[in-house]
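Participant: The following feature annotations were taken from Swiss-Prot:
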type	residues	note
BINDING	G68, G69, R90, N195	substrate binding site
SITE	K33	site 'Transition state stabilizer'
SITE	K255	site 'Transition state stabilizer'
Amino acid sequence: MTEITETAEAQAALLSAALPYMQRYENKTVVIKYGGHAMGDIALGRAFARDVALLKQSGVNPIVVHGGGPQIGDMLKRMGIESKFEGGLRVTDQKTVEIVEMVLAGSINKEIVALINAEGEWAIGLCGKDGNMVFAEKARKTVVDPDSNIERVLDLGFVGEPVEVDRTLLDLLARSEMIPVLAPVAPGRDGYTYNINADTFAGAIAGAVKASRLLFLTDVPGVLDRDKKLINELTVSQARALIKDGTISGGMIPKVETCIEAIQRGVEGVVILNGKTAHSVLLELFTEHGAGTLIVP
């Protein structure tokens, strides 16, 4: 047997092993939050686009939600606007939100659409404004002063929280074989435009469409235990316990809390996985052991 034949047989075996998982997700909706290091790496970006295209070809209905914090910061710097933060969160004034919308719904969104279209699929770029898909209201964030222990309200400007999601447009796109690529910008009933955290936006979308899976592509392998080993699966109650005992800490806390909120909205399972691994989406959905931490009810 030649080396070429052995390689071909190995590839065929991988495809055969993936079949039951493809059947499991056929006609199911998978929401993917695309962000982190993968967005700044050309090779990883192309691998991600190919994963999304393969999902669609396999009968899955993928919906992509993307972030863009670093790109927003770069654009603000180029335009001579200083980035301001309160309690670790970006303050978004009127001028800043216009730039945020330009970067997210314009530049980044269309780059992702182009990558997916280059793989032979039909992707379409949208934001919460399109089809009145998402309405937001001003986010209410509070912090506790460590010295006085007094809670104060942060004014983050035009930072919003999604409060209404209409799935009508997403359902139409699913039936038309198109792949929605969503930027986390949405209008408020007050007429203003709001910048929404991409994780929160993805969770709201996934809950509205009752997604089978919500995938968060991050810069870490998933949730780690105290020995820094990957935890393959957690229930909501187990995740809460790990937050309480400090095993889950720092920036992973809001990520896991968003996962829990999505499950409470009707998502069947949420996965935190490493977007720096090429084809991590396919590894998670179409292999036996997955690629990250799955959180279930």
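Cβ atoms are placed via backbone N, Cα and C, with glycine included.
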Participant: I want the residues beyond G68, G69, R90, N195 whose C-beta is within 8 angstroms of the mean position of the substrate site's C-beta atoms, in chain order.
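Facilitator: Result: G67, I72, G73, T92, V100, L104, N197, A198.
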Participant: Whole-number answer please: how many Å between the C-alpha atoms of G69 (substrate binding site) and K33 (site 'Transition state stabilizer')?
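Facilitator: Spelling it out, the Cα of G69 (substrate binding site) and the Cα of K33 (site 'Transition state stabilizer') are 13 Å apart.
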Participant: If you draw a 10 Å sphere on the Cβ of R90 (substrate binding site), how many other Cβ atoms land inside?
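Facilitator: So the number of other Cβ atoms within 10 Å of R90 (substrate binding site) is 19.
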Participant: Rank aside, I only need the closest one: which of the recorded positions K33, G68, R90, N195 has its C-alpha nearest to that of K255 (site 'Transition state stabilizer')?
Facilitator: K33
Participant: So, three-state DSSP: helix, strand or coil for G69 (substrate binding site)?
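Facilitator: It is helical.
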Participant: State which of the following recorded sites has the fewest other Cβ atoms within 10 Å around its Cβ: K33, K255.
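Facilitator: With the recorded sites K33, K255, fewest surrounding Cβ atoms within 10 Å: K255.
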Participant: Could you tell me which of these binding-site residues, G68, G69, has the greatest number of Cβ atoms within 10 Å of its own Cβ?
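Facilitator: Counting Cβ neighbours within 10 Å, the top one is G68.
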Participant: Restricting to the chain of N195 (substrate binding site) and a gap of 6 or more, list residues whose Cβ falls under 8 Å of its Cβ, or answer none.
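Facilitator: Set apart from N195 (substrate binding site) by at least 6 residues yet with Cβ under 8 Å, we have R90, T92, T96, V97, V100, E101, L104, F158, V159, G160, P184, V185.
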Participant: Fill in the CA-CA distance, G68 (substrate binding site) to K33 (site 'Transition state stabilizer'), as an integer in Å.
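Facilitator: Cα of G68 (substrate binding site) to Cα of K33 (site 'Transition state stabilizer') measures 11 Å after rounding.
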Participant: Between the two most separated Cα atoms in G68, G69, R90, N195, the residues recorded as binding substrate, what distance in Å do you get?
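Facilitator: The widest Cα-Cα gap among those binding residues is 13 Å.
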